[in-house]
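Reading through the structure tokens given below for one structure.
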Amino acid sequence: MICGVDEAGKGSVLGPMVIAGVGVGSTEMIDGFGLRDSKQLSPSERERLFVLIKKKCKVATVVISAAEIDAFRREMTLNTCVARAHAVVIAQLAPEIAYVDACDVNPFRYAETVRGYLSSPCEIVSEHHADSTYPVVSAASIVAKVTRDREIAKLAKKYGQIGSGYPSDPETIAYLNAYIDEHRIPPPIARKSWKTVSTLLAKKTQSSLTSFF
């Protein structure tokens with residue numbers, strides 16, 4: 001079996017990161033799916049393909065919460081955290097070859113990092129933009145994206161309009177600003193180790209000091 005591995009939400013300031021692996025006996029199994037990188041697909045296309053992939057392929061996912069990411073980052077880099085999670089889904093699928101989207105400027109080094117977390121032999125093919133090159137990684141990208149979108153939807157029901165969770169999203173930043181204004185601390189779903197959060201907190205502290213004096 002071969003598998004593809006990708007993640008969604010790596011750079012998000014709110015909510016979890018999702019790592020997904022998709023295993024197939026051969027690439028012919030998914031040749032007719034019309035797979036592409038999840039970012040090139042509409043939400044409805046992703047949902048349709050998600051159902052098809054889950055039905056026809058072996059799938060493994062790992063969901064890492066914001067609090068867990070903060071805890072990991074006290075001990076390792078984010079890239080190492082992703083590599084560990086990639087290894088977890090690879091171990092669950094137990095393929096002979098795993099294609100991974102490299103989370104390192106050096107894809108060969110990233111392959112070695114992932115391999116170091118595996119206890120069973122597996123050939124790791126690590127490349128940048130693997131989600132655009134290998135359909136099996138595109139499939140993993142779709143599973144990761146849809147799974148994360150569903151997790152964000154659950155959080156929005158509980159916490160209100162949080163946007164996509166990414167620092168580039170004005171709705172996400174507006175939510176963070178409003179929450180910190182009211183509670184003086186970041187929300188539980190925020191990655192407190194992110195510079196976005198520390199910068200907003202620093203601005204609020206500076207603003208409070210200025211008004212005091």
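Just so you know, glycine gets a Cβ as well, placed from its N, Cα and C.
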Among Asp31, Asp70, Asp101, Swiss-Prot assigns to the divalent metal cation site of Asp6, Glu7 just Asp101
Grab the pLDDT values for the domain 'RNase H type-2' (1-206) and give me their mean, rounded. 94
For Asp101 (divalent metal cation binding site), nearby residues of its own chain (Cβ under 8 Å, 6 or more apart in sequence): Val5, Asp6, Glu7, Glu127, His128, His129, Ala130, Asp131, Val137, Ser141
Local Cβ density at Asp6 (divalent metal cation binding site) - other Cβ atoms counted within 10 Å: 31
For the divalent metal cation site built from Asp6, Glu7, Asp101, further residues of that chain with CB within 8 A of the site's CB center: Val5, Ala8, Lys10, Ile19, Ala20, Val82, His86, Val100, Cys103, Ala130, Asp131, Val137, Ala140, Ser141, Ala144
Reduced DSSP assignment, Asp6 (divalent metal cation binding site): strand
